[in-house]
Amino acid sequence: MAKADFYETLGVSKTADEKELKSAFRKLAMKFHPDKNPGDAESERKFKEINEAYETLKDPQKRAAYDRFGHAAFEQGGMGSAGGGGGFAGGGFSDIFEDIFGEMMGGGRGGNARGRSTGGRERGADLRYNMEISLEEAFTGKTAQIRVPTSITCEVCSGSGAKPGTKPTTCATCQGSGRVRAAQGFFSIERTCPTCQGRGQTISDPCGKCHGQGRVTEERQLSVSIPSGIEDGTRIRLQGEGEAGLRGGPSGDLYIFLSVKPHQFFQREGADLYCSVPISMTTAALGGTFDVTTLDGTKSRVTVPEGTQPGKQFRLKGKGMPVLRSAQMGDLYIQIQIETPQKLTKRQRELLQEFDQISSKENNPESTGFFARMKEFFEG
């Protein structure tokens, strides 16, 4: 049966550039990959055709020869012949990302995005731990004890994965490189060795405790130092306290994500604190004093001058939060709220009415001026 046109196979025009070729190939390769269509001979055949078409057209020299002579350019043995199975057979579906799309995922033919390196050494995974602290703890700082479930190096086999007294052996399939080449038409593709999964070694007699993994799960207790002045959303990194690496690989890191609980009285903005304090109408009018307990446990006196208005702020210098890793302190801002009296007695009502009758514009300049300006605006 005559071969299909390579451009038609990929669904692109004969003027398609490299970007268009790659985009079309990725879409079709994902659709027809044998691992997504197990047992489907037609999908496997289609996948091989797509592979062959792309490998030809992405190479400028091969593409030029194909454009001039068609399939005849490669019919005399040319650059190789199809090998048994070839392509990605035997590999997991993730191989398509590792072998074809490696450059997109930070990998490449010397390793992959999962941290595996030549010889099978693999970095352990990073871990995340969420911790909630109070504003007082953020103010003073603290040392917290936490328990984290993680994977640690197996003590029985020292991380080798092999039963004590035995050793892993060099993989016979890839000769220890962790990579193999598979023929596909007139080209070859390098991919992860399916026998050793890229480790370069195989274990014939695995460790009984870790079952050949080289690490076991355990809950560890760690001490975390939280400095004073720490802010909500801060991330603390504990290097090497993540999961143990595989086959001698380095451990991952543990990241502590801190959140500071809302406080009943104080709101925080950077190193400054804000607190709303309600005072009586008479205190606002006549003046007075009140005490505020700050986060450090001390009391600070606030003097309210006569005629204080709602929203007035008083600054208590140095009574805010510590500035992280500094000797400086933020400030505490007291914002005044004036409470209107409720459930008045008859006598209280009479006195307020009398006060209102004898009040002048000078007593309420803002409200008097506001209504005068409004009247002038609308009536002209």
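Start at 1 and count along the chain as shown; that gives each residue its number.
Including glycine, each Cβ sits where the backbone N, Cα and C put it.
According to Swiss-Prot, the protein carries these features:
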- 5-70: domain 'J' (DOMAIN)
- 141-219: zinc finger (ZN_FING)
- CYS154, CYS157, CYS207, CYS210: Zn(2+) 1 binding site (BINDING)
- 154-161: repeat 'CXXCXGXG motif' (REPEAT)
- CYS171, CYS174, CYS193, CYS196: Zn(2+) 2 binding site (BINDING)
- 171-178: repeat 'CXXCXGXG motif' (REPEAT)
- 193-200: repeat 'CXXCXGXG motif' (REPEAT)
- 207-214: repeat 'CXXCXGXG motif' (REPEAT)
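Locations of recorded Swiss-Prot features on the structure.
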residue : record                : Cβ neighbours (10 Å)
CYS154  : Zn(2+) 1 binding site : 21
CYS157  : Zn(2+) 1 binding site : 26
CYS171  : Zn(2+) 2 binding site : 21
CYS174  : Zn(2+) 2 binding site : 21
CYS193  : Zn(2+) 2 binding site : 22
CYS196  : Zn(2+) 2 binding site : 23
CYS207  : Zn(2+) 1 binding site : 22
CYS210  : Zn(2+) 1 binding site : 22
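Mean predicted confidence for the domain 'J' (5-70): the pLDDT average there is 86. Put simply, CYS207 (Zn(2+) 1 binding site) is 16 Å from CYS196 (Zn(2+) 2 binding site) when counted between their Cα atoms.
With a cut-off of 8 Å between Cβ atoms, the residues of this chain six or more beyond the repeat 'CXXCXGXG motif' (207-214) that come close are 153-157, 159-164, 244, 246-247.
The repeat 'CXXCXGXG motif' (171-178): residue composition by secondary structure is 0 helix, 0 strand, 8 coil, according to DSSP. For the recorded Zn(2+) 1 site, residues CYS154, CYS157, CYS207, CYS210 set the reference point as the centre of their Cβ atoms, and the other residues of that chain within 8 Å of it by Cβ are GLU155, VAL156, SER158, GLY159, SER160, GLY161, ALA162, PRO206, GLY208, LYS209, HIS211, GLY212, GLN213, GLY214, ARG215, VAL216. Other than the site residues CYS171, CYS174, CYS193, CYS196, same-chain residues with C-beta atoms no more than 8 angstroms from the centre of those residues' C-beta atoms, the Zn(2+) 2 site, are ALA172, THR173, GLN175, GLY176, SER177, GLY178, ARG179, VAL180, PRO194, THR195, GLN197, GLY198, ARG199, GLY200, GLN201, THR202. Annotation note: CYS157 (Zn(2+) 1 binding site) sits in a coil segment as assigned by DSSP. With CYS207 (Zn(2+) 1 binding site) as the anchor, the candidate binding-site residues are CYS171, CYS174, CYS193, and the one with the nearest CA is CYS171. Secondary structure of the zinc finger (141-219), assigned with DSSP and counted as helix (H, G, I), strand (E, B) and coil, comes to 0 helix, 35 strand, 44 coil. Between CYS171 (Zn(2+) 2 binding site) and CYS157 (Zn(2+) 1 binding site), the C-alpha separation comes to 19 Å. Proximity to CYS193 (Zn(2+) 2 binding site), defined by a C-alpha to C-alpha distance within 10 angstroms, is shown by none of the binding-site residues CYS154, CYS157, CYS210.
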